Amino acid sequence: MTEVVTEPNVPQQAERRLTIEGLCKTYGSGSNAKTVLDGLTFDVNAGEFVCIVGPSGAGKTTLLKCLSGLLPPTSGRACLDGEAITGPPEKLALVFQEYTRSLMPWLTVEKNITLPLRNKGVSKRERGERTREALEAVSLADSRRHYPWQLSGGMQQRVAIARALAYQPEVLVMDEPFASVDAQTRFELEDLAQRVRAQFGVTVVFVTHDIDEAVYLADRVVVLGSSPCRVREIIPVNLAAPRDQVRTKADPAFTELRSRVFELIRKG
Amino acid sequence: MAITVTRDRMAPVATRWTGSGVAVGSTAVVACLLAWELAARGPLADAPFPTVVEIVRSLLGLLATGAFWSSLGQTLTTALMGLALAIGAGVVLGVLLGSVEFAYRSTRLIIEILKPIPPIVIMPLVILLLGPSAEMGVVLVLYGCVWPILIQTVAGVRDADPVLIDTARSFGFGTAQRAVQIVLPGAAAFIVTGVRIAGSAAFVIAVVSELVGGAPGIGHELFVTQNAGLYSEMYALVAVMGGVGLGFNTALHAFEKWMLHWHPSVRGEVTA
């Protein structure tokens, strides 16, 4: 058991799922070089729900792309279960903000979900079972034969979540997934995210610019500072589980936490 | 009564347009035929202009012969085979050129130079190689049709949504899987437009290859009737070509609708 110096709040016995060590990303070179990520270091434990917040343009999306193996870091590394991420790992699934663009409009809901499984070589029977389970988890069992564009925005994002769940990842990475839906739908989807985390035992890395959302959902909030992006602070959120849109948000501890995150972000 | 009028006004615009469009179009066709008939009987009676009645009689005569049907079949085969080869070549090359930046840049100028050359210009060369055969016609159709399909495919591939590509990559899709399952369907709207442009040219090029190049088919029949001075047969063949061209375009339109049923331009459905 090693001593954790940087994050005394993390339970010592927890299993590390993701480790990000001194992650740097620089675009361009020479005098045009622009450093977007500047030595980010944090961990995500197995089964944990970690929200990443930061000022807009801080490089959150770049961080996620490095985490998910879509973009190689300039230096430092991201590891999943101790192995450096060099390409999209099979144990990780992504949900993007732009549901209209991340779902294939020429495929039905069901086929959108099964296509990655087919490519992965999952048997037809198991594909069917996983799809059914995932669609039930997001309450869309009746929409499997519809096309994504026949569904509302919130439903489309639920399809994207179901697709990620059916992939059975250990880590679910979500990039501002609820930023493009209306407020009411957003609350529903936040609670859905909590339910599937509990039901599937999945580790969640959730990027958002919404402070309330971050505090409401997270076990820990990683606050980023901007230009270049560094980890400002990692704040543990010890609110009672399961969270509740009314009760949790009325909790003085919630208000205090969101003020703290807000102050940190305002300072940049 | 007022209610009826309002309802009538609220009827879907598209339906009313199509309805009256067909009526107006047919009336115009009848008017033209009538004008032709009058001209052919009156002022142009001495010119080689058969009357509409004569043409229709020749047409009915033609339709009864097996030779006519086999040349029409030959022409359609040439057009469709050339088009199919052009689709195959255009799409495969288009995906390659669209996804490899170096290939795109190095071929762009060549394509821009070759594209405006009409198939008839390369006909002597093709005749030299293949003779006045059906294969020659197929090659000309292929040449004439491949450019719009290739150019549209390249444009469609380059237009692929980066979010969708990242999504596919994150789910571990390989390069070939992304090309076939993501990029190609995503480019379908572009490609189908290219096919529609190419398709309307395919039949015309096939006829020209027969008319000028001597390949067997309905175009060759046209050449023969013209030389023999069988004008009513000749115009009957022209009428057949017009009808087939119309049928070709209608089929291509239906094909487009079928292929792109999911596409915003076709589905005409507003999401909630």
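In case you wondered, yes, glycine gets a Cβ from its N, Cα and C as well.
Keep in mind that TrEMBL annotations are predicted by a computer and have not been checked by a curator.
Taken from TrEMBL, the feature transmembrane segment applies to B:20-39 (among others).
Residues or ranges marked as domain 'ABC transmembrane type-1' by TrEMBL: B:72-252.
The transmembrane segment feature in TrEMBL is assigned to B:76-97 (among others). Within the chain, the transmembrane segment (B:76-97) has long-range Cβ neighbours (under 8 A, six or more residues past its boundaries) at 103-104, 107, 134, 137-142, 144-154, 156-157, 179, 183-184, 187, 191, 194-195, 198-199, 202-203, 205-206, 209-210, 215, 217, 244, 248.
The transmembrane segment annotation in TrEMBL covers B:109-130 (among others).
Long-range neighbours of the transmembrane segment (B:136-158) within the same chain, counting only residues 6 or more positions beyond its ends whose Cβ lies under 8 Å from a Cβ of the stretch, are 78-79, 81-83, 85-87, 89-91, 93-95, 97-99, 104, 111, 114-115, 118-120, 122-123, 126-127, 129-130, 183-184, 186-191, 193-195, 197-199, 201-202, 205-206, 208-210, 213, 215, 217. Among the features that TrEMBL reports, transmembrane segment is placed at B:136-158 (among others).
Within the chain, the transmembrane segment (B:179-208) has long-range Cβ neighbours (under 8 A, six or more residues past its boundaries) at 75-76, 78-80, 82-83, 86-87, 90-91, 94-95, 98-99, 119-120, 137, 140-141, 144-153, 155-157, 159-161, 164-165, 168, 173, 217-219, 222, 241, 244-245, 248-249, 252-253, 255-256, 259-260, 263, 265. Positions annotated as transmembrane segment by TrEMBL: B:179-208 (among others).
Among the features that TrEMBL reports, transmembrane segment is placed at B:234-255 (among others). Within the same chain, residues 50, 55-56, 58-59, 61-62, 72, 76, 79, 192, 195-196, 199-200, 202-204, 207, 218, 221-222, 225-226 sit at least 6 positions outside the transmembrane segment (B:234-255) and bring their C-beta atoms closer than 8 Å to a C-beta of that stretch.
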